[in-house]
Structure formats: C-alpha cells, structure tokens
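Here the structure comes first, spelled out in structure tokens, and everything after it is commentary.
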Amino acid sequence: MKVYEYDNSTEDQREDHDSGAVVSEAALNEIGVLAYHFDSVDDVNALAAERGYKNRDEVTISPSALGDIYEDKVKAFFHEHLHEDEEIRYILDGEGFFDVRSKDDSWVRIRLSKGDLIILPAGIYHRFTTDKNNYIKAMRLFQEDPKWTPLNRDPLVDENAYRKAYINSLPLA
C-alpha cells in the first residue's frame, strides 16, 4: 500500500498521479480511513467478526470480466461520491486506487494491491479506479445485505445525515 497526495493532473485517472508528498497512516486515521495488510484470509475473517461484517462477495473489475461496459463502469466508480455504509475492500489480486478527501478537501490517493484491506467510513467523499493494468479482484465486505449505492457529490448530498455525522466525527484542526 502506498498513500500520497494526488497530483491533480488531468492525465488518465489510471496513472499513479503521485505528487511525491507521502501521507502517513496517522493522517489517514484522522479522516476515519483504516488500512491494513493481511497475507491470509483468516486475518480478514477475524476483522470481519470483530467489526460485525456479516456478508461478503467478490468482484473482478477488468475488460475481460465486464466486457463492453468496463470503461463506463470505471468512469462511474471515479465520480466523486459517498455511501451511507462503510466501504470495505480486501484486494485479492491486481491493483487499484481509492482517492479520498482530506480534511482540507484535497485528494489523497491510496494505491492498493494484493493483501491490502481498506475501510472507508460512511459519509467520506471518495472515488475508485483501476491502475493502468485495468485489473483488480476484490472481496467486498458488508455489515448487512450487500449493496453499493453511491451518492454523487452535490450540495444536497453535503446535507446528508451520514455526511454530517462523518464531518462531526473528524477531530478539530
């Protein structure tokens, strides 16, 4: 896992976009993002039991898995959005990026590869993309029934109860 400030270039979203400014694990934790590396699914199972994740599935994001809808899906995942549930992903194979908003609303890029697990809190604005290899396989974990409902960023979503709860959970500057 590699975490850094996004360079804000308009190049292909699947490029590294590494500004060279490293972001610490402590800084991620301050915005509610938890990151782990597990070599064994047994460790994932232990975390799932501890945090009450009852359901899971697997998803492969690649041109061969998604066919003609691949490019549209990758573009949709890259729209800035939030969820009303935690987003938990354990990377089984391949690589990709989660971009999350920092406290000052800039982008932080998290490069994930096999064995990495990330937990995004409900209400955090984020986006996702594969890397330039166009392939990632991930386990998605859920506290309740599997669902993925994005709320794209706009002024109304800024007033969402989960967004407000997330903002109120952040430590003061």
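Using the three backbone atoms N, Cα and C, a Cβ is placed for every residue, glycine included.
Annotated in Swiss-Prot:
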- 1-20: region 'Disordered' (REGION)
- His81, His83, Glu87, His126: Fe(2+) binding site (BINDING)
- His81, His83, Glu87, His126: Ni(2+) binding site (BINDING)
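In this structure, His83 (Fe(2+) binding site) belongs to neither helix nor strand by DSSP; it is coil.
A simple Cβ count within 10 Å picks out one of the binding-site residues His81, His83, His126 as the most packed, and that one is His126.
Shown in sequence order, Leu82, Leu120, Ile124, Tyr125, Arg127, Pro150 are the same-chain residues outside His81, His83, Glu87, His126 whose Cβ sits within 8 Å of the Cβ centre of the Ni(2+) site.
Taking a C-beta cut-off of under 8 angstroms and a sequence separation of 6 or more, Glu87 (Fe(2+) binding site) has the following same-chain neighbours: Ile118, Ile119, Leu120, His126.
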